[in-house]
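Below is one structure, written out as structure tokens; comments come after it.
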Amino acid sequence: MVDLESEVPPLPPRYRFRDLLLGDQGWQNDDRVQVEFYMNENTFKERLKLFFIKNQRSSLRIRLFNFSLKLLSCLLYIIRVLLENPSQGNEWSHIFWVNRSLPLWGLQVSVALISLFETILLGYLSYKGNIWEQILRIPFILEIINAVPFIISIFWPSLRNLFVPVFLNCWLAKHALENMINDLHRAIQRTQSAMFNQVLILISTLLCLIFTCICGIQHLERIGKKLNLFDSLYFCIVTFSTVGFGDVTPETWSSKLFVVAMICVALVVLPIQFEQLAYLWMERQKSGGNYSRHRAQTEKHVVLCVSSLKIDLLMDFLNEFYAHPRLQDYYVVILCPTEMDVQVRRVLQIPMWSQRVIYLQGSALKDQDLLRAKMDDAEACFILSSRCEVDRTSSDHQTILRAWAVKDFAPNCPLYVQILKPENKFHIKFADHVVCEEEFKYAMLALNCICPATSTLITLLVHTSRGQVQVEFYMNENTFKERLKLFFIKNQRSSLRIRLFNFSLKLLSCLLYIIRVLLENPSQGNEWSHIFWVNRSLPLWGLQVSVALISLFETILLGYLSYKGNIWEQILRIPFILEIINAVPFIISIFWPSLRNLFVPVFLNCWLAKHALENMINDLHRAIQRTQSAMFNQVLILISTLLCLIFTCICGIQHLERIGKKLNLFDSLYFCIVTFSTVGFGDVTPETWSSKLFVVAMICVALVVLPIQFEQLAYLWMERQKSGGNYSRHRAQTEKHVVLCVSSLKIDLLMDFLNEFYAHPRLQDYYVVILCPTEMDVQVRRVLQIPMWSQRVIYLQGSALKDQDLLRAKMDDAEACFILSSRCEVDRTSSDHQTILRAWAVKDFAPNCPLYVQILKPENKFHIKFADHVVCEEEFKYAMLALNCICPATSTLITLLVHTSRGQEGQQSPEQWQKMYGRCSGNEVYHIVLEESTFFAEYEGKSFTYASFHAHKKFGVCLIGVRREENKNILLNPGPRYIMNATDICFYINITKEENSAFKNQDQQKKSNVSRSFYHGPSRLPVHSIIASMGTVAIDLQDTSCRSASGPTLSLPTEGSKEIRRPSIAPVLEVADTSSIQTCDLLSDQSEDETTPDEEISSNLEYAKGYPPYSPYIGSSPTFCHLLHEKVPFCCLRLDKSCQHNYYEDAKAYGFKNKLIIVAAETAGNGLYNFIVPLRAYYRPKKELNPVVLLLDNPPDMHFLDAICWFPMVYYMVGSIDNLDDLLRCGVTFAANMVVVDKESTMSAEEDYMADAKTIVNVQTLFRLFSSLSIITELTHPANMRFMQFRAKDCYSLALSKLEKKERERGSNLAFMFRLPFAAGRVFSISMLDTLLYQSFVKDYMISITRLLLGLDTTPGSGFLCSMTITEDDLWIRTYARLYQKLCSSTGDVPIGIYRTESQKLTTSESQISISVEEWEDTKDSKEQGHHRSNHRNSTSSDQSDHPLLRRKSMQWARRLSRKGPKHSGKTAEKITQQRLNFFRRSERQELAELVKNRMKHLGLSTVGHDEMNDHQSTLSYILINPSPDTRLELNDVVYLIRPDPLAYLPNSEPSRKNSICNAAGPDSREETQL
């Protein structure tokens, strides 16, 4: 055992392959090797196993010997085939018997004996108890087939010529090669790459498959065509490449069967190998492979170590590094542990960088990765810290470890380290150069305070500018070689000219070759001399010699200038070899004239032309300081490679067939295209063996080269598809486009933008370019692949902060840029900051591009004042929610106004309210110049109210505002004193704009009016005078004469006048009469005249009117408000906490006269200030001011309290709507409105639509506990409003759900409008106002009008939005047109719509019971109609209670859509069931009411006045925007008004003002005219 150990010593961890094979004993002194193999090998089997298997060196030798033995057996088979004479005849005996000489038989027997002995011995040594496992192994079976027949022939000489398929030993050789490579790398303690192993397997498999097919076909065709090995090779290559010329085909059934089997095997095996190879290639591309040792020793390189590589850092490093001329020949190896991102990959695929930058994915802490980067041969190592890390100290620690690892691995490599914090510097004192970021930063900032712009000075000094580079070339270029190198290589412009000249020279040589072939006459005969000699005329020879001389001289000169110390590296370069082959023969022919006609393969110069073209393109883009895209470069390489391959094949086939078919160039082109396309017609085929061999070589090259090029092109195409490519400059200049910049693109936001943007006819030819930094998600990609959008929407992945991405989007040519904030971010302030930076970047890049910006928080508005249009989400949201408490459903009104609608929604429904609501929702705001208008031109020189009333009466349009030509401010309802000018721009509400309207006189409508006259009665349906059809409106011109007049109030006339004549309304005057206008006073309320003197004195002492002294943010518009004389102490603002000033601890204790308005929000943001201001506006009477309670999850800060402490009756309380006790303390039981604001912390969720889950469930709880409470809810996603006040089994809700789906299928943008909570204004989503920003592109006034309506802006002379309720005393007015006249003539108000509430005919209980529709309608109808007629004889209603037939249809429609089950039989059982269910509902409500009462008692709150049974859940409400003049008014209708600014009527003195008001109210001022 000791002798054996000394004979076979243990192996070191690393040694060379040469030492291993030659037995170099120099490594035996290594004492670190384990010797576990030699412990218990006492038996002979164990010793054999040690030698043949365990010992790495001897095992490797055995593998090598086995591999050589298999190759020898295959070589002997080939020799036997070549020595054998083809037998005559087609007997089958030729298949089983061959001619084998005795020496050859002896060699084959010897090889077989050795192989069989080795196989049996290795099988014995690796035996593990299962003999069949050893016998049934495929290598063992093949060994038996190939060896046993030879051994038998020793004892049976007659079998010496028996055919044995020895060629199958190639598969055993492949198996031995794989094992040998594994043993080799295991012996030298290195693992070969998976890429190398897979390539080895693929090549060996392919070779074995081809060799097997060659030998098999050749042998089986011994009784057929008697093919030789070369013809078999030609047949196999043509077959496996799927070309199949058909000139060589199998004849016998056995050979055909063999071909079928081989094709099947190839179709199964090869795709698997190629797929695995492609996968490993992709993985290698990601990791970067290795930087070879040969390159490291012959080229100079530096290593850049970073933790994560960003595009900015990379470009800064490369631009600064390569700005120095002496570093142009250096290579940069990047070592980074993370995978290369898309932007970095795109840059490194650019030829200018792809040839000089190598990216390796790996860690500097691993020796194998440092070895891959050849750190020990590097000129320098740059280690950079990641300054974007949250923990900068941790980033420094990682940098220190990298520096230590590099110093340990390569002590002589210079280190350049960047550190962040100065306290970590002492850990890397060994580094050659260290830059501490914080040291430099703070020192530079300090010097900036002493010496201005020191930072700029230092920055300019350390940056290499372009102006210095030109001088550096001339500093040390004293030698002649340096000057030549400057001209031919370093100088970009001269180098580019040299490349261009070289490219032209190569093309000229190829052209001269083609001319020579065309001028040559085809020679007769098939002598081989025609291959080596051609006919070349003397002038042509002279031209070719000149080109060859110039080319060779240039090549030698460039080789000399780029020489780096290794002459063989220059000589063995493929371009140099090709140059020698193509040029030297022509130069020799100058001195040896007999060689002038020698054939020279000049067509190979096409590959040199391709090489010159690539270099020329790189130099061109480097000279103009632009980088072409990697896609362009890859397409260029692919096209040039394909052209060179085809041209080489054409010329080669044409020349080699000079002794065959004598093809011309065109026939050769035809043959090459047919061959490379794998069609292979077979009409043109090579005849000579040389041309066949050439075709085989070209097919193999094409099969290797072209798939690689196509794969890289496909990969780049996929990357381009992800990033979106570019929007071309030509398209930007010839087409109109807008750019949409977002941080992340969701499908809802995209569809809202596209639907609203393309709703306008003049925008149909516009293109939308989306610029987004994130990759397109699946839903967006699916939508953008729809043809309607794919032709108009271009998605670019990029950042608005990068000029190159803005250039890709052609921002400077865009018609507009929309920048939207991401409202789903947790940190909304951060989202705003990103939006601000995008806006600044766009404004800096394209100053003339109009900007449309959406911002979230109002305090960030002043940063983007330069933008053309700005929408602040929180400003609009809180102002709208506040107005919802004063004017019901203001949010729905504004949403419908800013959405583009066809006005056709709900027209298929039998429900009358849905038809009216859907028709009126099509109204939008439009504008037109007065003198160009048919609507308003006749009112020039007349008052605004006169024009508004008569335009509505005559055309059905509602004039709401004007703008003077010389003034930019829009005035909403400037009042009767405003006189219309011809140049005024009129803003009006209508179903469509005037330009799309057609007009016809009333005389033309007489016949149609008579035909529908039977509708005119007490219960008629509303007759609209506006008929919308396909974007065009036909408008009836009605009589505009006024025939009535009335007093200034909306009350009924005296009883005496009732008996004499019908009620009358005063006419609207053409020019205002101040004495006939009722106005509000700025300093006193009209309601104050009704108060007692004591109340008036106390109220005047308590409240004042003025501008709030403190605003919580910059940019808020000043609004005249009700204020306190002194601000309230902060302690008194807390509702539920007593202090030294008051002792109240709940809302009930304060004893408020008006009901509360409660706002539930997460934090008291600055936007909440805009909720309070409209509720305390100066035009609101003091007696109608509602107390405001802010229910906040988090305590407010002092700045916010400073802003609200001046407003009367504003309190806050810390609590949550999740807590019933908090709700009861803040007074929810006697609140008028509960406003629930969506919480910012819940706006982002893993599942998008789940962001509203908490809000919805909390509101549903409020809805169940306090059924009489009016709850106004804000949601993140409009689609979730279907869950508000959710009733699972409500038949009517299910019917509305079906209706919404149908409207969405019809293409409606407002499919959710029929949901009852939205129609009633009880739910709102700020995302519905995104369309306001989009509409501003066409209607630049929409944001201004919306802000005026919401009270966010106050313009002198402009009116404001308010409302009035129709009471029983107002029903004598009857129609909307008479109300319009009454308001215009008395107060100057302009009505714009109606908010109507009706009783819901299908309640929850009724939806759960099967009842008889006819019986229910008969009983209900008789009661309601009788009651209605007894109380309101003079009023007519459009309510469905007046139309039993219509109501019956509505019930059936709802029942049909909800698919209710069959009705029960028996009216008694139905009544009992209904009574039981009503009792159950009542019991459940009583239980909830008892719960609330018990909690109130527990908290010590009074339960007096708690309305426990009131329920308004059986009503539905909706909005009619600008209804037709003949719409009937109903009781409790809320009319939206735009009231003139009271400041416009404020006289100079107090007495005169009061006198004018009294005179206006006098009875003598009435001029009564019948309306």
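Start at 1 and count along the chain as shown; that gives each residue its number.
Just so it is clear, glycine is given a Cβ too, placed from its N, Cα and C backbone atoms.
Within the listed segments 103-127, 1203-1227, TrEMBL records transmembrane segment for the stretch 103-127. In TrEMBL, the annotation region 'Disordered' applies to 1453-1472, one of the ranges 1393-1412, 1453-1472, 1493-1512. Distant neighbours of the transmembrane segment (635-653): 510, 513, 517, 601, 603-604, 606-607, 609-610, 613-614, 617, 663, 665, 668-669, 671-673, 675-676, 686, 691, 694-695, 698, 701-702, 705-706, 709-710, 713; these residues of the same chain sit at least 6 beyond its ends, with a Cβ under 8 Å from one of its Cβ atoms. Counting same-chain residues at least six beyond the ends of the transmembrane segment (694-717), those with a Cβ under 8 angstroms from any Cβ of the stretch are 233-234, 237-238, 241, 243, 278, 281-282, 349, 630-631, 634-635, 637-638, 641-642, 645, 648-649, 652-653, 656, 675-676, 686. Between the transmembrane segment (229-246) and the stretches 139-159, 199-217, 500-519, it is 199-217 that has the most C-beta pairs under 8 angstroms. Within the same chain, residues 534, 536-537, 540, 543-544, 547-548, 550-551, 554, 582, 602-603, 605-606, 608-609, 612-613, 616, 647, 651, 654, 665 sit at least 6 positions outside the transmembrane segment (500-519) and bring their C-beta atoms closer than 8 Å to a C-beta of that stretch.
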